[in-house]
Structures are given as structure tokens and as C-alpha cells.
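Below is one structure, written out as C-alpha cells; the observations come after it.
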Amino acid sequence: MTTRVIYPGTFDPITNGHLDLIERAAAMFDHVVVGIAASPSKKPLFDLPERVALTQAITKHLPNVEIVGFSGLLVDFAKESNANILVRGLRAVSDFEYEFQLANMNRRLMPELETVFLTPSEENSFISSTIVKEVALHKGDVSQFVDLRITGALNAKLHTK
């Protein structure tokens, strides 16, 4: 039986922390669907097609990873993707309470959906898309936190008119 999992997020932008979890999930499971949420309420810097394209570009080396944009309920996306395992990252203990609530809600809405938590590697444990965007906005060097293609996209989006 093939194990299909989804790793959902906004990925605005995708960071080395996200990539670390995608690579580790790809090593653990047969097929990983990276679900990029439209998340219009978060007012993302990059639109959904841009986030999908950037994520595809930096995950090309992973043959069992598929990048898909989605909107709506995560459980509906899980059903559409034929996935019954949800991968989530936990950077800190403070993430756990929220993620625990989400896991329970998702299980209530889709009882066959299991949530697996992965912790990032130590060098990625503090990275967040929000912090990366803030540093990039102020022309700080984010190249150690994101792929160079993401650095270029951030600079183009934030500093060219």
C-alpha cells in the first residue's frame, strides 16, 4: 500500500525549515503532497501561483513530492489528495497547543486523518516566513534561511517597482 501524506501550509515564502521537513517527509513516506493554501485572509506577499512555482522549483530534486495549491478546508484537500496522514512541523513548544487543537478538529471532521508532527533540525528551528519577510523588507541578508531563488524573488517583490 502506498502511503500518501499531505504537508500543508501557506509557504509565503517557503523557507529552509519547510524544505527540511519536506525532504524528511519524502524520505519517510511514498508520496508527499505539499498543499499550498491560498490563505487570502493572511494577505500573502506572493500570490498562490507564485508560491506554487517557487516551491516546485526548490523541490524538483524530490521525485515523490507533488506541489498543489488549494483553498477551502484542509480535510477536503486531504480527501481530494487521497491522503490520510497530515504532516505538521513544530518549531517550539508554543506551536504545540495550536497544532494539537487543529489535529483534534481535523480528526473530528475526518476520523481517518492522522497527524504526524516533525520537529525541524536545530539550525532551522527559529525560521519563520514572517521573520524572513521582515528581514528582507529591511534589506537584510536572508540567504541562510531560504533558497537563493527565494532570496531573489523576495528582493524583486519588495525592492523593485
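Each Cβ is built from the backbone N, Cα and C atoms, and glycine gets one as well.
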Per Swiss-Prot: substrate is bound by T10, L74, R88, and from K42, K43, K60 the site also lists K42
Roughly how many Å separate the Cα of H18 (ATP binding site) from that of K42 (substrate binding site), to the nearest whole number? 18
Could you check the binding-site residues T10, S125, S129 and say which one's CB has the fewest neighbouring CB atoms inside 10 Å? S125
Out of E99, I127, S129, give those binding-site residues positioned within 10 angstroms of R88 (substrate binding site), comparing C-alpha atoms, in sequence order. E99
When a 10 Å sphere is centred on the Cβ of L74 (substrate binding site), how many other Cβ atoms does it contain? 19
